[in-house]
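K.L.:
Structure incoming, see below.
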């Protein structure tokens, strides 16, 4: 607003200067005319008097001539000043056009900034909408995770129920085997030798998997008595090994691959690392075992149900001649 006021005031100032110069020129012209009239009147009066005052007339004429020359020079100077003022006015007009162009450029830049601001606002709204969408997806994923966690808990409960049912079935199968062994006199002639005695021997587990040391009970050895698990039908010579074996079925932290019990979750995690480093893989479920005995034990404990199905497909009459460990050995387990 201030710049426009200045440029509006400058043309008015120039106009005032031009009007003053025009007034000065008019004054000079009027003075020249008055001097010429005075000169003519003086000349006529001198002629009428008979040229009695010629020296004075010459002086007046010379004075008038000098004044006229002075006035002519002043008139030329005023004309030069007028031309200079006109040139300055043209320069001011050019500056005014430049200022107007700058003003238009600033207005255009202002419009561009306004458009960019609007675009940034639109982008901000889009980002907010995208953020809200991502927040909704995160909540959905969180709800899905909670649902999956609940389903996993249900599956674990079902797995525990199935394992309990499997243990019960194995116990019933063991009782059936005992009844079959009692009716079969041929099985009474077999003796215990190591883990297996032929294809029809009874399993005796003396491995350090279920105890660091095997304590033999001499009284039980002499009487051929063994401690047998009612769940998995495994037999032990010492009560200490048998008691440690029972922890497999009662411990909360036990390995799913080899059924070895642990007192804490940290010990179970370290034990699972040993399985991960092992190259002994179960061909049925793909679990890794730390030793050959653990692999055999895993196949007996975890895949006994599938083995039972296979055994009953062969025929119960043939299976009646074998105990469970010898049947496992018979089918390559």
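Note that Cβ sites are derived from N, Cα and C of the backbone, with glycine treated the same way.
Caution: TrEMBL annotation is automatic and unverified by curators.
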K.L.:
Pick from 126-154, 155-183, 184-212, 213-241: which range does TrEMBL record as region 'Disordered'?
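P.N.:
In TrEMBL, the region 'Disordered' feature sits at 184-212.
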K.L.:
Find the average pLDDT over the domain 'C2H2-type' (280-308) in the predicted model and report it.
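P.N.:
A mean pLDDT of 71 is what the model gives the domain 'C2H2-type' (280-308).
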K.L.:
Counting each residue once, how many in the domain 'C2H2-type' (227-250) are helix, strand and coil under DSSP?
P.N.:
12 helix, 4 strand, 8 coil
